[in-house]
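A.B. asks: Below are the features listed in Swiss-Prot for this protein:
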BINDING   GLN87, GLY105, GLU106, GLY107, LYS108, THR109, ASP525  ATP binding site
BINDING   CYS931, CYS933, CYS942, HIS943  Zn(2+) binding site
COMPBIAS  908-918  compositional bias 'Basic and acidic residues'
REGION    907-937  region 'Disordered'
Amino acid sequence: MIGALARRLFGSPNDRRIKGYQPRVAAINALEPEVAALSDEALRARTVDFRAQIAAGATLDDILVPAFATVREAAKRTLGQRHFDVQLIGGMVLHEGDIAEMKTGEGKTLVATLAVYLNALAGKGVHVVTVNDYLAKRDSAWMGEIYTFLGMTTGVIVHGLSDAERKAAYGCDITYGTNNEYGFDYLRDNMKYTLEEMVQRGHAYAIVDEVDSILIDEARTPLIISGPLDDRSEFYNTIDTFLPKLDKATDFEVDEKQRTVTLTEVGMETIEVLLRDAGQLKGESLYDIENVSVVHHINQALRAHSLFQRDKDYIVRNDEVIIIDEFTGRMMPGRRYSEGLHQALEAKEHVTVQPENQTLASITFQNYFRMYDKLAGMTGTALTEADELFDIYKLEVVEIPTNVPIARLDEDDEVYRTQNEKYAAILAEVERANSRLQPVLVGTASIEKSEVLADYLKNNGYKQIDFADPKGMEKLYAAARAGKPAKLFAVLNARFHEQEAYIVAEAGVPGAITIATNMAGRGTDIKLGGSLEMRIEHETVDITDEAEKAAKIELIKADVERFRELVLRAEETIEIEPAKGAKPAKTLTRPGGLYIIGSERHESRRIDNQLRGRSGRQGDPGRSKFFLSLEDDLMRIFGSDRLDTMLTKLGLKEGEAIIHPWINKALEKAQQKVEARNFDIRKNLLKFDNVSNDQRKVIFDQRIDLMQDESVAETVSDMRHIFVEDLVAKHVPEHAYAEQWDVAGLKEELNRVLGLDLPVEEWAKEEGIAEEELLSRIENRADEHMAAKVAQWGPEMMRYAEKSILLQTLDHLWREHLVMLDHLRNVIGLRGYGQRDPLQEYKSEAFNLFEALIAHLREAVTAQLMRVEIVTQEPQPELPPMAAHKFDPQTGEDELAFASVALAPADDADKAARDPNRPETWGKVGRNEDCPCNSGKKYKHCHGRYA
């Protein structure tokens, strides 16, 4: 209450911040006549002048006012659009590294140009992040006109580009691309072996469009690059032949309850002998560093034979091992056990051993975007998540006033008892709206729910069409011109592509009915009457005669204007029956415009607000209403069964709805609870992610330092000395007598790792020799050995070998370390049962693993360099084959499973050789690529359906 009073007296913090921008807005407006009087050349020259000022010591804040005035004038001359005052404020918020919340249709894309231009003047590159390739290409071409006019370069990063094309795009002043592409390029860059191969040039400033979607909804979605391990089928089969030779009584112990198998001391000796005889043992001991993967696969083979039973845990069919679900008993084709277990089962059953994959690199969006020196974002709905955005990213959400007041009517929810009653009510509402040609967008929470609604419409005489199909749209246009409902509808789900943007843009045509899942077509405005630009682009593409084209454009313009008027007039007038003895009936008019119908509330208020926000752009009229049932997920979570009992007692009849503002408030409180819980989960998971992220940054930064150094001789020398120090300390304890030294063990290790046969026993027998003297002699011999190699092969060749071995070994051990961290993450929660904090335990264990990684790196690099034999024309180290993965947090589906997002994209020459009429010339086509037949459809929706 006191807070509300204070806000009335002094304004909210948001109001005060908006007010603080007004002096600079006034200054920009005052400059407008002066800038407008400049010639194109003089306006373009201001970019050079601004850069000179920055070079002389001026800050970006110092030149903000003239820079914004320059961009506004350039936009007027190139696009015919002028930034409103509220858009100038939005640009300032973005420049300050915060989030500008701007309602649908307020011109977020244009707003970004202000902050993008200003920050690009610094010369460090600006990244604009979009949610899909279509928007990246659209916005870079559209807004690129402004930047090009002002003498700046613009690049775009989309799927399928070569490394050279990517590097050129990142080298531009401004780069547009998707969050996926930026993240994968970062991961790939940190797997390259030279700086010249890297495509990104740093992370100075990024503006994230639809920031709530990327930084919250997809925050925990990891981007993963995996690669197949070498074909080791022979190795698995060899290991499998050892198992019958082991004695269960003496060689291993099985714990069926814990589902573990452990080798005994006797078993280890038996396995060592078998491995040595088969030529599979590296070094002397099974547990040497080189044999880590061998031990792992032996354990997996033991598990396959001892814990997994054929026809209970799996079946064998068509040369495949197929897992059986332990709960349902159903086969799960396509599912595979990880970490080599499935390969061990295949070897056990003597079927073809399929290759396994290994995670080569991964990062979450949370950790990727926090690398930027300055991060900003735009969205229509972020205020409800303001706490999380500030807590995790230190981004404040600033609500930007609309240029024109919102005229949308948001009605109270209608709550029904069952799903069937709810869908019947939605159908009736859609039919009423369609009868007056009011366009309707029905929002659903899932593809499954959208199909249910589609079936309801089909069963009631409606026909499903594709709004991207010109013939289907012409039926809709013809019906609208005749003033009759066409009874046509389209269904969209969240798979972004150009056709989808067109469908969404046409959802404002009179009589259009569109069923869409949450994110479908986000980033594309729904204009009343349809999109003039989209229609001109699609309907004139095949017209070559200029006069015919101009005539067609005029017809389209007349169509869109007439359609807009029809939609604006699609109001609903309702007569309210008077109470007994009252005055005659009153009428209630509900506005026309786009009618948003929500088929259920989502866990997040923000998603509901996004749906409502599709209507009422730039002061247009519109309506929104949610239809709910007590069987909806959110209602069930919060005790709809008790409410159902109460409504039954109150005599609520079938088909009747409850409508009351209290219901809305109760639902909002329920949503707030779910949001708070989800925030806590994300925050807790981030704490775990931070541990591996800190280690990733150390490794990646170290890699770049190594690549920057002309020579890593000093680094490998230090590693060799530290390794020898640790080795001597292990066998020659400090302050111990010479008789207590493990001289034989030290000699053996020096021979095994360094390949040096040193007279350690003789040195140890010398009178008065101390451990320091022993250490010094060993280091000197090791240094002499390396100096001899340098003399033999030459400094240049040796420097190359040192860097190659160091980088390749680091990469190999880092990948193994990632696997270990994954294993640790999966089991660390069990420590909670022992009254230990899993997070602290994870930090401690992960640190120990990281220390072990560094120690293994020293040993492995030292061992390889001491034994290295260089051949002439040493080949450049090659990166392993890679595949990119991004798992949908809702479905668990790999969104990139069928996309060709490998390190080396498809060769442009191969694509150029494709004949649209001859599928045999197409080669391998990614399922999400455009179909080579030039239909405009994705391959998976065209010829790929039959592949």
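Each Cβ is built from the backbone N, Cα and C atoms, and glycine gets one as well.
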A.B. asks: With the ATP site defined by GLN87, GLY105, GLU106, GLY107, LYS108, THR109, ASP525, which remaining residues of that chain have Cβ atoms positioned within 8 Å of the Cβ centroid?
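C.D. replies: So the extra residues in range turn out to be MET102, THR104, LEU110, VAL111.
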A.B. asks: Taking just the CA atoms, what is the gap between GLY107 (ATP binding site) and CYS931 (Zn(2+) binding site) in Å?
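C.D. replies: Their Cα atoms are separated by 33 Å.
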A.B. asks: Report the member of GLN87, THR109 (the binding-site residues) whose C-beta atom has the most other C-beta atoms within 10 angstroms.
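C.D. replies: Per the Cβ count within 10 Å, the most buried is GLN87.
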A.B. asks: Non-local Cβ contacts of ASP525 (ATP binding site) (under 8 Å, 6 or more apart, same chain)?
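C.D. replies: Once residues fewer than 6 apart are set aside, ASP525 (ATP binding site) is near THR104, GLY105, ALA505, SER531, ARG617.
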A.B. asks: I'd like the Cβ neighbour count for GLU106 (ATP binding site), meaning other Cβ atoms within 10 Å of its Cβ, all protein chains included.
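C.D. replies: By my count, 24.
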A.B. asks: In this structure, which of the binding-site residues GLY105, GLY107 has the fewest other Cβ atoms within 10 Å of its Cβ?
C.D. replies: GLY107
A.B. asks: Given a separation of at least six residues and a C-beta threshold under 8 Å, show me what packs close to LYS108 (ATP binding site) in the same chain.
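C.D. replies: Sequence-distant Cβ neighbours: GLY90, ALA100, MET102, ASP209, MET378, THR379, GLY380.
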A.B. asks: What is the number of other Cβ atoms found within 10 Å of the Cβ of CYS931 (Zn(2+) binding site)?
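C.D. replies: Counting Cβ neighbours of CYS931 (Zn(2+) binding site) within 10 Å gives 20.
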A.B. asks: Three states by DSSP: which one describes GLN87 (ATP binding site)?
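C.D. replies: The residue in question, GLN87 (ATP binding site), is helix (DSSP, three-state).
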A.B. asks: State the Cα to Cα distance, in Å, between CYS931 (Zn(2+) binding site) and GLN87 (ATP binding site), rounded to an integer.
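C.D. replies: Approximately 39 Å lies between the Cα of CYS931 (Zn(2+) binding site) and that of GLN87 (ATP binding site).
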